[in-house]
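Okay, structure first, notes after.
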Amino acid sequence: MGATDIILLLDSSVRFAVPLMLAALAGLYSERSGIVDIGLEGKMLGGAFAAAATAAVTGSVWLGLAAAMGVSVVMSMIHALASINFRGNQIISGVALNFLAAGFTVFLGHAWFRRGGTTPNLRPDERFANIELPFAQEFGQVPIIGEIYEQLLSGHSIIVYFAFLMVPVTAFVLFRTRFGLRLRAVGENPKALDTAGISVAMLRYRALVVTGLLCGVAGAFLSTAQGANFSENMTSGRGFIALAALIFAKWRPWQAMWTCLLFGVLSASQIRLQGVEFPMIGEVPVQFIQALPYILTVVLLAGFIGRANPPKAIGQPYVKER
Amino acid sequence: MSARQPLPNWVTIVLMPVLNVLLAFVIGGLAVAIIGENPLDAMWALFYGAFGTGMGWGFTLHYATNFIFTGLAVAIAFKAGMFNIGGEGQAYVAGLGAIMVALWLDQTHWTLVLLGSTLAAMMMGSLWAIIPAWLQAKRGSHIVITTIMFNFIASAFMSYMLAQVITAPGANAETRTINEQGRLPLMSDWFDAFQYSPLNITFFFGIAALIFTYVLIWRTKLGYKIRTLGANKEAARYAGISAVSVIIIAMAISGALAGLMAVNEAVGVQKRLVVGYVHGFGFVGIAVAFMGRSHPVGIALAALLFGALYQGGQELAFELPAVPSDLVVVIQALVILFTGAMGDMFRPLLERIFARRVKPSPEAPTTADTEA
């Protein structure tokens, strides 16, 4: 495997990693505020359908993105209503939202487009185009550095750059702003915030709006940037891998990015590792590599490599004493 | 909480779930209206498909059997304070044990197949549940996340096994079919009413599992320990109950119950193991357990409702092709949402109504005000 192969592998890893990153960052806002979100998968799926359907009908990919974010935020607000106002079980609410998205997307897709649950194929101008960075062609002739620039850095859709931008932004918001401080505090000790006169419910609602927005972008990426239509269950577990990545990163933004990239490399190398004989081990089944992110997360959670301590107040509805 | 007028029992146990389910159907009906079809026609097709014929009943009860197993699995773990959302993976892996024993014994007699595959399914199911249980009890890793991860690990493991190891010659990712002698008897062999339906002898196992759970939880020492641990960890510790062993035993039983689904679905009906045979039934178990309030009677009723939804959805696809059968998934999601996560949605309203109607006490107006 030469340098060019490695660069191409990393390039496809980035494409695998981007929806994971967006969803993991989305989950970060929710979980840091003390609300478990196993509904990332559903919100992404709902967003992916909204983006593809809107782009197909209106011809505008930006309207598609807006629709994706809108649908995903609405779903996130249902989760907020259940978790904050009704003090319901957050895990059940997440399970329900995943089912809701799985059902509604296919139901509406069948009824509106009559193509067996998929949306019509989008024309190139109805999708997010890949952006050529300046001089990518010319610079690409230079070995290694030029190839990295042309293949790895250039030629991605705007959502990819947005996803990478959101990592420092999230880190800044979380650790350098008042909102971030309160967000972290409300996930650890909501009572302290309440005592300080800050509304726990309002803060959690705001966090869940951000979660919804980011999941929507992740969904739009799947159906209008990476793909060219929506198909049944197209997220295929990515929301859960993102959740695993978030836990693996111990609920921190930069670590979440690296974990998602690692999981991206695992996905991208699946095809290449098929049939490859490793010394001592022999052939590794593809399914093992598919399961690796989950296995790693279990091992981490069990404290065999480091410890993952979730925000203390996670999953518990806040009851204000009267 | 402030002083409240407690609602009568029948309101919280019967009326509230019924209202939640009705709301789910109303919104499902709206979805049908949105796509320009008649909601009442769709609901009638659902209902008639599930209960209109003997065959419909057979299918409904068959699906309900699956949901009884996965629902009880969630309920028993929940009684111990554990949230097992790994029923999906546990049932999947149990399928491996069940089908391998069934294929091994299928030249003998169906009683041996039933016995052998039941034991194997329960063993594999509980094995897949014991690992997360042990990790929770000993290492403190959150069981919800671990069981989610184990669902995915199970899915990868099973697709490897089905594609590479126990594949039937010439087939793609499925095992060979169980021989004629080894097949479980169908109810239609004994009762003509259930003709053409897959309802089989495992249905009685479902009934037995309901009774077993009731006795276990409310009539045995172990059940008492499970309930104590689930109600109050500290109290359990002071009472000398070992959290580690109770967690592991409760999860082992939970996994075994989820595993029984393999006997009904894979051995009993499909007669072979295919990729993804569990088909989300493990997740539906969560809804069934919550709707049934983790009580066997409630679970039986909830399982019947979801069984009817599944069967009705199949018929809906034939009766009204314009209404996609995924309507069922939507209604199911709404039922989970309303009964599981927003169960108390109607409580403030009902409290206001009953505070006025039942016994107008001096407290009543204030309770209404605090909740408004």
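Yeah, the Cβs are placed from backbone N, Cα and C, and that goes for glycine too.
Keep in mind that TrEMBL annotations are predicted by a computer and have not been checked by a curator.
The feature transmembrane segment is assigned by TrEMBL to B:12-35, B:55-77, B:89-105, B:111-131, B:143-163, B:196-217, B:238-262, B:274-292, B:299-317, B:329-350.
With Cβ pairs under 8 Å as the measure, the transmembrane segment (B:329-350) is packed most heavily against B:299-317, out of B:55-77, B:89-105, B:111-131, B:196-217, B:299-317. Using the rule of three or more Cβ pairs under 8 Å, pairs at least 6 apart in sequence, the transmembrane segment (B:89-105) is not in contact with the transmembrane segment (B:299-317). Within the chain carrying the transmembrane segment (B:196-217), a Cβ under 8 angstroms from the stretch's Cβ atoms is held by residues 54-59, 61-62, 64-65, 68-69, 72, 75-76, 79, 114, 118, 184-188, 223, 226-227, 253, 257, 260, 263-264, 268-269, 295-297, 299-300, all 6 or more beyond its ends.
Across B:55-77, B:143-163, B:238-262, B:274-292, stretch B:55-77 shows the highest tally of CB pairs under 8 A with the transmembrane segment (B:299-317). Across B:55-77, B:143-163, B:238-262, the stretch most heavily in contact with the transmembrane segment (B:274-292), judged by Cβ pairs under 8 Å, is B:55-77.
Within the chain carrying the transmembrane segment (B:143-163), a Cβ under 8 angstroms from the stretch's Cβ atoms is held by residues 82-86, 88-90, 92-93, 95-96, 128-129, 131-133, 135-136, 172-175, 251, 273-276, 282, all 6 or more beyond its ends.
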